[in-house]
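Undergrad: Pulled from TrEMBL, these are the listed features:
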type	residues	note
DOMAIN	6-58	domain 'Myosin N-terminal SH3-like'
DOMAIN	67-764	domain 'Myosin motor'
BINDING	GLY161, GLU162, SER163, GLY164, ALA165, GLY166, LYS167, THR168	ATP binding site
REGION	601-634	region 'Disordered'
COMPBIAS	619-630	compositional bias 'Basic and acidic residues'
REGION	1102-1143	region 'Disordered'
COMPBIAS	1119-1131	compositional bias 'Low complexity'
COILED	1153-1268	coiled coil
COILED	1346-1398	coiled coil
COILED	1441-1468	coiled coil
DOMAIN	1559-1835	domain 'Dilute'
Amino acid sequence: IASGHMYCARVWIPDVEEVWKSAELTKDYKSGDVSLQLMLEDGKNIEHKLDPKTKNLPYLRNPDILVGENDLTALSYLHEPAVLHNLKVRFIDSKLIYTYCGIVLVAINPYETLPIYGTDIINAYSGQNMGDMDPHIFAVAEEAYKQMARDERNQSIIVSGESGAGKTVSAKYAMRYFATVSGSASEANVEEKVLASNPIMEAIGNAKTTRNDNSSRFGKYIEIGFDNRYRIIGANMRTYLLEKSRVVFQADEERNYHIFYQLCASAHLPEFKALKLSSANDFLYTRQGRSPVIDGVDDTKELCTTRNAFSLLGINESYQMGLFQVLAAILHLGNVEIKDRDADSSVIPPNNRHLMAFCELVGVTYQDMSQWLCHRKLKTATETYIKPLPRLQATNARDALSKHIYAKLFNWIVEHVNKALVTNVKQHSFIGVLDIYGFLASFFRWICLSFFEQFCINYANEKLQQQFNMHVFKLEQEEYMKEQIPWTLIDFYDNQPCINLIEAKMGILDLLDEECRMPKGSDDSWAQKLYNTHLKTCSLFEKPRMSNRAFIIQHFADKVEYQCDGFLEKNKDTVNEEQINVMKASKFNLLVELFQDEEKATSPTGQVQGTGGRTRLSIKPDKSRDTSSKEHKKTVGCQFRNSLQKLMDTLNATTPHYVRCIKPNDFKLAFSFDPKRAVQQLRACGVLETIRISAAGFPSRWTYQEFFSRYRVLMKQKDVLADKKLTCKNVLEKLVQDQDKYQFGKTKIFFRAGQVAYLEKLRADKLRAACIRIQKTIRCWLARKKYLRKRSAAITIQRFTRGYQARCLAKFLRRTQAATIIQKYQRMYVERKRYKQKQAAALAMQTILRAYMARQKYQALLREHKAVIIQKHIRGWLARCWYKRCLEAIVYLQCCIRRMRAKRELKKLKIEARSVEHFKKLNKGMENKIMQLQRKIDEQSKENRLVNERLVGLESSYTVESERMRGELNRLRGVEEDAKNKANQVSSLLEELERLKKELSATQQEKKTIEDWAQSYRDEMEKMVAELKHQNGLLKKEKDDLNRLIQEQSQQMTEKMTRAIAEETQQLETDLNEERSRYQNLLSEHLRLEEKYDDLKEEMALSSNVSKPGHRRTDSTHSSNESEYTYNSEYAELEDGTRGREDVTRGIDTSLTLKLQKRVTELEQDKQLLRNELENREEQLQRASAMVPSPIFTARGAELEYESLKRQELESENKKLKHDLEEMRKSLLGNAATGAGAPGSPAYKVLLEQLNASCEELEVRKEEVLILRSQLVSQKEAMHHKVTMTEPSVYKDDVSKLKDDEVKQAYVGLKDTNRYFLTATSLPHLHVFTHYLRKLNEDGELWLVNQGLKETIRLLEHQLQTQRRTYDNEVESLRSELQNVKEENNRQQQLLAQNLQLPPEARIEASLQHEITRLTNENLELMADDPTASREARVVILRRMVDLMEQLEKQDRTIRKLKKQLKVYSKRIGEMGGQTSPGQMVDEPIHPVNIPRREKDFQGMLEYKKEDEMKLVKNLILELKPRGVAVNLIPGLPAYILFMCLRHADYVNDDQKVRTLLTSTINSIKKILKKRGDDFETVSFWLANTCRFLHCLKQYSGDEQFMKHNTSRQNEHCLSNFDLAEYRQVISDLAIQIYQQLIKCMENILQPMIVSGMLEHETIQGVSGVKPTGLRKRTSSIADEGTYTLDSILRQLSAFHSTMCQHGTDPELIKQVVKQQFYIIGAVTLNNLLLRKDMCSWSKGMQIRYNVSQLEEWLRDKGLMTCGAKETLEPLIQAAQLLQVKKKTDEDAEAICSMCHALTTAQIVKVLNLYTPVNEFEERVSVAFIRTIQTRLRDRCESPQLLMDTKMIYPVTFPFNPSCLALETIQIPSSLNLAFLTRV
């Protein structure tokens, strides 16, 4: 050992807090050193002192690659710190709660629900070797189950651990595993009852302690019985050592048994009022612990659970109330107060209410009970005395009675639980589960108050530990002997001396019993006897220093001190005999039953009823009393020893399996590990003892192949020989010099402890040296490569630098010369420019001056000219102004004078007009005057006209002149005005000029100011414009960004909508596939139930034959063929079973009823789920109908509609079955007490009747289904036709057929409503139709229409059906007549053609024969129509036939006579003339000529007789060899032949023939598949033929959708008389069943290959490393002979593919099969990867990826890359990638989350937890990284399931695949033996 303690060696040192702490040596250890220099993991340096006496060095640590192993025995260094550290790493870091320790499974309670106990996990462990999978309770259960079936030996699983470690849960999971793998998971019969007993046993046997809130205070052993087929049939439970003292006493912070507190909490219930209970604090027996309530526990609800469990186990309500009555009486008895009467006697106060309640509850008298609680009876030889008891003894007697009653009650409940679990079926074997309560670590510690119960428990633990040690020792010995290695005795701790100290003669128990028999025995005297007997003789027995009433025993785990107080009393467990007699005299029946005699009260388990430890005294002095008294004098210790011995005998007779449960902490924290508590339990539970035994021998074991593979790196090439065993020996002898460190066995190499670590160190050093050498070489190569690159770069840089410098010099020279030239020309240019500027300035000045002088002169001349013009115009204007003023004044003056004169004249006239006289004068001579005036007026008018004319001329001339003058005047006035204005303007212009000069100067100043301001403003504006331009640019950019964003968003929205539509479509397709999968699963389940029903029927028939020997006649009308191949066989069997049901006497169990009832319940639930899912799917399809093309959804809707019809049929059958089961259940429950299951009982008869009725119902239902389907389809077509009629004329025609006016009106309304519905549903969106419906509902019209049209709809349907039937009958009759006419015409034509080809004589005979045949047929038809007329017609026909025959004979005689005469005449002529006449040809015999017939035109049909149908089915299906057909004949030939036979039956319109042919075909295919369902070739062959038959039915059905690929000839071959759509669905269902059978067959073939080929086999040799293994050997990853490799899988896949191709399977169907195959491969591989820690490594990930690539290559070779098989491997590919990627940083976590989208979070975390480095160069995944992954994947919406469902089958579809083969060209080979078929 010292050689290992070198520098940097890691060791374990003791620590107070952590028990063991890791450290590293900083200085080599030398012999003689007294201390070690160590450095802890936190970097602290310490000095570790060695023990000066032992000089023992610290334990060495194992290499890191060995840490976290599945088996502790795989560790190289086996010691306590290594075990503790390995468990901690697995529990804390990897979240693994199970670990092997040799044959022991260590289970650490996680205090958290883990998803590792589901049915998928059970299926994964089922059938696996124990070492192949990670440690699990299921692995132990599988090992026990497998050994029971293989070795025919009973098994035991011993589950132990302290309280709260998870023992009961482990036992429950083990029983669940047995129930599942044994085929009883669906029944849930025994397991449910056993688990239902848990609430009861916990209520009456569990209590709260300081360590556990639900601590079991008794032990139990459950035997699970199996039949000869290894199915669970029953169970039995034994109990051990109930802690009765808890009934009367509890320590602080503890409680009594739960049942008492449950009753007190439920005291307020009405049914418990009679118990007179109250709070638990009111009773002495429930308040002593001062902790009546458990946090988080509702005692009221717990009591409900307990009562439900009682009911489930068959304990009815009356018994339950009786039990609660007894329990309440115990509580009242504890409250009975006993007072001192004097020093030697006691008394109970009168009318004690608690005693009265007790007496009332148990049915005893108050006087007797109060008497014998305070007195006892003493008997002598002659007299009997009654002695009073002191108060203390009376109280003890009261408590003893309470304990005794409770023990009796406990045993009674256990007995009835066993009765509920017992079965009548013979038990073949059993597996026992021992749930031993806290026997181990919780009691192996120093306890100041260890009493009698503690002593018994530790005694039992010593026995179990002894058995465990011997079993481990035996296994080690068997292993060494098997391997034939030298056997050396292993020294291990033998606790037999401790057991002898307890149970041997004069042992502790013997002395205790002897002291109990002493009249005045006491605890003190017993203690002195122990000291005197064992103190000096036994080293395991010690006496405490400070006590004379205690002793110490050295148990195998620790020393325990026991106090002697109470040992004798508890061992005696005496109860006052008179109190027992009082109890027996009770009027309470249940209490009397509890106190029955020992013989009657014996439990059915054979358990000794001494666990209660009672002593019963008999009053009657007879023989029975003496015998029972002797039996009752057995002490508790004696009884416990006997029961323990029986348990040990049972365990020794079985193969034990050990489960040690560890409690990681006392605070129930999830995944929290307390090293102190863990190491205490490890020391006490035997795990370390197993390690020590293993370490004492050869704990490490390698096969030669594994050793060679692992340590090949330590060998040289010359050391490698052909014999690997010899190679390993030679290498090992060189590596390990000490021969004692290893041994060579037959198949393995055995190593001592530490040698594997040494070899691992050598291997690591070798690999490290190789790595260093590789690194050195690579670094040298990299450095040289870098140097050469630098040198080349330096040379290149120099070259380019020198060239650059030269180019720079040349450039400088060129630039200097160029600068000189530039300066010359620049200076010249400057001078020339200056000269030209001066010249231009002089010329400009001269030009400006001369121009100024010329302008001045011109302006002077211009002013003079303008002044002359102004003067001229002003003078003219002044003259005109004066003239105008004068003229105006003259005119005005004339006007004024004339106006004055006119006024005067007017005034005179007015005066004259007013005068009368004047008028008179005026009127005289008026006429004359008028005449004169008239003439005068005329003259004057003439003159006036002349004057006017003259005036007009003058006026016109005047006007012209005045205009001219006025113009001139205006001109003059203008001139005058201009002159004035000019004069004024001149002065004003001068003034303006001065003002303008002033303004000019001011304006110039302002201009300058404005220019400055404008410049600044321009600058500001330019700046502002620049800013605005910048902002404008930003806005444009932002606008562009927004436009681009809007475009992107619109594009994203479009893509999102497209994606959403695609996802919705995909979701709908997924839902449809799920619905199809559910339907197919339900179909397979229905098939399984049918098969199970057939098996049960066969078993019934077999049992009836066995029970009544002899031959029974069968009905002669049933032939063997019919009974084998048709439904008649089922009817015959049904009749046989009916006749023989009274002979059935055994074989039927009530478990069948429970099983069927459970199945019906599951089917009901599935039905409801499927119905709800179907409704949801239909709603989704309706909503999506606007977006998806209608034909697809129409097809899907048709599929869903038909699937719903199928489900309805199955549901109806399930309802019928459920009804029958309910009747059976009621009958069985009603007669349970009187043996309902016995033969001849009513339940038995009901069961037989229901089975027979089910048979009849099944047969009737099969025919009714076909009839109903056809009717439903026809009704659906009729209603569809009715709805689609939209012309009013059609409506009127339909309405006119009705008589009732109201019916007519409703009918029209119905038509309109249907038409509107059709219109609404055809809209792109359904909201219009929904609005219409809502509108109807609002008005209430929809309900009214519904009520009013019910009768109308029925009437219409009836009339439509009647008309349709009439029409169909007429069409059928016409069609048959037409067919007959066609056939007759064809026959006539054929006969005519044949007659024309025959000779004349044959023509007559043929005509006569045809006539006879015709008459015969007419006769037969006439007979069928009218028998009487047929007889008359037959007579006439016979007479006519006789006449015809006579005529025929007469003609024959005439012909023969004429021929003779012709011969004579010809002979004479020959003699006469010697010449041959033309008539000679007639005399010569006429030789028949073979006229070749034209090839018959076949119609592609095969005709057979009715009696040949069974022969057809037998030769074509049952006895057909698929291999010969597949190789020599066309694919699908049986399907073509069957269809051609079916076509002929359809051609002749024989519906019975069609039905029987299809039924026989389907039944025969089912029969051959049932018989050879495990043969892949047979299943594949019939899958291909069934699909081809289905395609033929579709192709020739006459439907347009199936005829578009047909030729015209094929369309002529379509079925003409029958619509076989319903049969197509039946055959489709059959194809689905065959497909599922094919998948199961392939799975059974592939299953053994997958794990070995995909995971264990090293396809890339040398990549994977084999780590050391422990006692549980895993399957080797090296390919031995007989192991499967990846090539085996590929070959098998190729065989599957070639077989299906040879059978002509549809390519689409082959793709679906391959997809399913790859799913199975991926799922099984991934599941095993998730359950095997040794497979989760980097190298294994590479192997998996390589294997997957080979599978993909196979897909490419077969052209199947598009079948979706590759996608099924995606989870496995991602798991392999997960094993290889980096797992350190957050970026790695992000990459993992994005990469592993096909894996669930649970699977990713599981792989990371299981990741195990194979070499020390790899690193483990940190806990922080795993938590990071969990955090990132928290939002994933996925199922928490860990494993993939390997039983999942993708829903299969059968795409239509028409055949191009013409039916008329098919030839039937003779090898099929079908010569009775005739081609038509």
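Residue 1 is the first one shown; counting continues down the chain.
Cβ from N, Cα, C; glycine included.
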Undergrad: What residue among the binding-site residues GLY161, GLY164, GLY166 has the most other CB atoms lying within 10 A of its CB?
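TA: For the binding-site residues GLY161, GLY164, GLY166, the Cβ with the most other Cβ atoms within 10 Å is GLY161.
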Undergrad: Summarise the domain 'Myosin N-terminal SH3-like' (6-58) by DSSP state, stating how many residues are helix, strand and coil.
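TA: The counts are 0 helix, 24 strand, 29 coil.
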Undergrad: Under 8 Å Cβ to Cβ from ALA165 (ATP binding site), same chain, six or more residues apart: give me those in sequence order, or none if nothing qualifies.
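TA: The list for ALA165 (ATP binding site) reads ALA107, ASN109, CYS661, ILE662, LYS663, GLN681, given in order along the sequence.
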Undergrad: Looking at the coiled coil (1153-1268) alone, can you tell me the average pLDDT?
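TA: When the pLDDT values over the coiled coil (1153-1268) are averaged, the result is 55.
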Undergrad: Including all protein chains shown, what's the count of other C-beta atoms within 10 A of the C-beta of GLU162 (ATP binding site)?
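TA: Cβ-Cβ neighbours of GLU162 (ATP binding site) within 10 Å number 25.
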Undergrad: Counting other Cβ atoms within 10 Å of each Cβ, which of the binding-site residues SER163, THR168 scores lowest?
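TA: Across SER163, THR168, these binding-site residues, the one with fewest Cβ atoms within 10 Å is THR168.
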Undergrad: I'd like the number of other C-beta atoms within 10 A of the C-beta of LYS167 (ATP binding site), please.
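TA: Other Cβ atoms found within 10 Å: 26.
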